[in-house]
Structure formats: C-alpha cells, structure tokens
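Inspection log for the structure reproduced underneath, given as structure tokens.
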C-alpha cells in the first residue's frame with residue numbers, strides 16, 4: 001500500500017501560518033460581535049484542526065520532531081501561554097460576575113446615595129427604564145448600570161432610537177430625544193428633568209408606590225404662594241411632586257375644617273391673623289392624629305398662640321443675629337443666620353454638615369411635656385444672639401437685653417394620642433408638629449441654598465408618615481478644579497512656555513555643540 005505523499009512544492013509551515021491567522025480571526029470576531037456565536041466557533045475550530053494537521057506533518061517529515069529540545073521548549077511555552085490565557089479568562093469571569101468598584105472621587109460622584117440604595121434594595125417589582133436616545137453619553141449608561149446592579153436585577157433599561165421605533169415613541173408621546181419613561185406593571189412615569197440620580201430615584205418610588213401624600217397649604221393670610229417668583233414656594237412644590245406628595249391650597253376661611261384626605265397642613269409665613277374657627281380647625285386636626293408644619297416669621301401677629309401654647313411652644317419674636325460673619329462672605333446681612341448644628345432625628349439623620357440659611361429668623365422655645373418627644377432640628381451657633389432692637393442701624397450683642405446662642409430655630413414634636421383617638425387601630429398613634437421660626441428658608445430665593453431644600457422636603461415627608469419614601473437627594477457635581485489666572489499671570493505663562501523655555505533649551509543645545517567642537 002502506497003503512503004500518501006504531499007507535493008514537493010507544498011510547505012507544511014503554511015498550515016501553521018493559516019492556523020495562527022484563523023485563530024486571530026476567530027478571537028477578533030468574538031470580541032467585535034460581543035458574542036461567541038457560530039462564526040467565531042467555526043474559525044477557532046478550523047484553526048485547531050490546521051494546528052493539529054501541522055503537528056502531525058511535522059512529526060512525519062521529521063521523525064525525531066517530538067524529541068527535539070526546541071520542540072519541547074516550544075511546547076512548554078505554548079502550554080504556559082494557554083495557562084496564562086486560561087487564568088486571565090477565569091479572572092475576567094470572576095471580575096464580571098463578582099465585580100467591585102472603588103469610587104476615588106472627592107464627593108463620591110460615582111456612588112449612589114444611601115437613599116437610592118435603600119429604595120433599590122426594597123424594590124419588590126421590576127421596573128424598565130426606556131431612554132429615547134440613540135447615542136447616549138457614557139455617564140447615563142454608567143448610572144443605569146449602577147441602578148441595575150444595586151437592584152439585584154429588578155431594574156432594566158433600554159436605549160431606543162425614536163426614528164427606528166416611531167410606534168413606541170408615539171405611545172408615550174415622545175416629542176424630543178432624551179426623554180425617559182419608567183414602566184412598572186401597567187403604570188408608567190415620565191422622568192422630570194435630566195437623567196441623574198436626584199431625579200431617577202424619586203421617579204422609581206413614584207412608579208412603584210401605591211399611595212400619595214396630600215399636603216395642604218393654608219391660604220388667605222398672606223402666606224407664601226405656591227407659584228410665582230422668588231417669594232413663592234414653586235420650587236418646593238415641584239420637588240414635593242417628584243416625591244409623590246400632592247400640594248393643595250387650603251382656605252379655612254370658607255371652610256373651617258381640614259379635608260379628611262389631608263396628611264399634612266402647612267402654614268408658610270402668614271402676614272395676617274387667623275380667626276378663632278381656623279385655629280380650632282388646626283387644633284382638631286392635630287388632636288385627630290394629623291401633622292402640621294408652622295413656619296412663622298418674627299414681628300408678625302398670627303393669633304396662633306392657643307395652638308402653640310397647647311404644645312408648649314413659644315416664639316421669641318426677636319431677630320436672631322449671626323455674629324460669625326459667614327453670611328456676609330456670600331453677600332448677605334447679619335440677620336441671615338447660617339446654621340450647621342442639627343439634632344438627631346429622621347429628618348436630619350442623613351444630612352452632611354452642610355449649612356442651612358435662615359433670613360430673619362426667630363428662636364423657637366419649647367416647655368418640656370412628659371407626653372411629648374421634642375427634638376431641636378436645627379440650632380444656631382454660639383456666635384448668634386436674639387436681638388432686642390431689630391431697628392438698629394448696626395447690631396451688637398447686649399448682655400442685659402439679648403439672648404446669646406445657640407438658639408433653636410426649628411423643633412419637631414411628637415405627641416402620643418389618648419386612647420379615645422385611636423379607633424380600632426386605624427388612627428395614627430401620635431400627632432406631629434414642626435415649628436420653624438422663619439418661612440423664607442423654603443422660598444425660591446433660599447430653597448437651593450445649602451441644605452434648605454432637604455430640610456423642608458424631609459420635614460414634609462416625616463410629617464406625612466412617609467418613612468418608606470426616600471428623603472431628599474442632592475446632585476453630585478464634579479468639583480471645579482479649573483485654575484483662574486489674571487491677565488498679567490496669563491501673559492507670564494505664555495511668555496515662559498512659548499519663548500523663554502524654548503530659548504533656554506536651544507541655548508543649552510548650542511552650548512553642548514560648541515563644547516564638543
């Protein structure tokens with residue numbers, strides 16, 4: 001029987017080259033396509049077959065091929081390479097499956113807030129996030145991947161090109177690219193504002209929540225309006241709406257009774273007196289287990305003393321002056337108090353040590369009551385005092401007339417209800433009252449200053465018995481590290497970098513050349 005022989009002009013080394021080429025093509029096809037489908041598998045299989053054929057031919061052409069030292073060395077190198085690649089593959093698999101990220105940015109820009117983590121951890125139903133954007137920025141994809149990972153798979157997301165899926169865009173009435181829709185079951189919720197954590201977490205709660213908090217704002221006494229300019233509460237109302245809190249006006253003059261569906265009643269900066277039936281309506285609401293937020297400015301008579309006295313609260317009615325000079329550094333007067341001291345309370349427990357700004361605030365005093373739990377939410381610094389003469393051209397502390405700080409600027413009171421107010425366990429077990437000595441801190445002029453917005457929103461959420469609702473989340477912006485140079489400094493930088501340094505280098509080169517000569 002004749003042995004199969006190859007043409008003399010055939011070079012067996014071509015099999016090895018072809019095997020290497022197909023191996024590279026197979027790996028590249030798998031990486032580029034993102035999946036190891038039929039094509040990469042075929043290419044890798046052909047590469048393996050050609051490599052095996054090359055080894056067999058080498059053994060036949062050179063009988064002592066496997067015994068050569070070079071062959072053994074090459075085999076050892078190949079096995080080492082395969083072992084290293086296998087190890088890298090295992091490490092890559094473990095890294096993807098059990099990956100851990102480290103956020104080294106100054107303000108933890110790439111780490112979800114604790115409030116967001118709690119919401120995602122307690123998520124009970126799947127939520128699909130539809131982003132109508134064909135070419136999204138990497139920051140959006142990274143944020144959504146964080147939400148998906150923290151939710152243990154309950155959050156999924158899709159990037160959709162509206163031009164390729166016009167039917168889906170029409171279904172959700174998408175008018176422009178960049179719109180975001182959250183779907184959960186039969187409910188859908190558009191995202192208000194930009195796609196960032198501060199907006200996405202409240203939207204998740206809203207689309208998965210099963211109840212709405214109703215907050216009623218009293219009207220008819222010169223209170224801060226719910227809409228308008230700097231002296232309104234429009235920004236606060238918008239944020240409350242994102243947190244599933246519906247804001248409604250309440251006129252106790254026409255109907256001196258708090259609506260039955262009210263969770264919270266807010267009295268924000270009245271300028272006129274309340275009538276006796278109105279005060280009685282608020283008192284009855286509290287006695288029935290309701291929650292009230294009073295934001296009362298100094299130098300204003302409201303006739304709310306019966307309600308305040310029943311809760312052991314007294315307003316000092318003197319301006320608190322801040323002698324630390326912090327407010328003046330940002331262009332405000334000494335009658336704007338900058339506070340950093342917060343009590344231990346669900347409203348403030350997740351606050352950083354950020355400032356709260358109160359324009360024209362008075363101190364809030366509380367007499368101890370065994371039935372009540374009283375917490376000073378925010379207090380002024382020891383450099384403040386209650387000024388007895390608010391009409392003075394300049395303020396200075398007078399030990400004989402003024403009260404030195406620290407002073408309570410806002411208090412939260414929880415009162416246990418008598419058994420007759422808890423019918424069959426359907427009523428809350430306590431009533432809640434918060435009193436601030438200022439209303440301007442929640443207005444548009446100051447809402448975004450420091451933690452003012454957080455303080456106001458968290459107060460409403462706590463009063464509304466919404467402990468499952470995430471508290472306020474502030475955006476994490478990258479620290480501005482740009483170097484601002486004056487015109488003269490900028491000229492010197494240009495002169496040194498463009499003229500002097502090149503001339504110095506050229507001169508050193510000429511000197512070295514001359515010395516060698």
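Each residue's number is its place along the chain shown, starting with 1.
Placement of Cβ uses the backbone N, Cα and C atoms for every residue, glycine included.
Just so it is clear, the model here is predicted, and its values are computed rather than measured.
Quick look at what TrEMBL annotates:
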type     : residues : note
DOMAIN   : 106-188  : domain 'DUF7088'
DOMAIN   : 216-453  : domain 'ABC-type uncharacterised transport system'
TRANSMEM : 12-32    : transmembrane segment
TRANSMEM : 38-57    : transmembrane segment
TRANSMEM : 78-99    : transmembrane segment
TRANSMEM : 492-514  : transmembrane segment
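Same-chain neighbours of the transmembrane segment (12-32): 6, 39-44, 46-48, 50-51, 53-54, 57-58, 61, counting only residues six or more beyond its ends whose CB sits under 8 Å from a CB of the stretch.
Same-chain residues lying 6+ beyond the ends of the transmembrane segment (492-514) with a Cβ under 8 Å from its Cβ atoms: 485. Confidence annotation: the domain 'DUF7088' (106-188) carries a mean pLDDT of 83 in the model.
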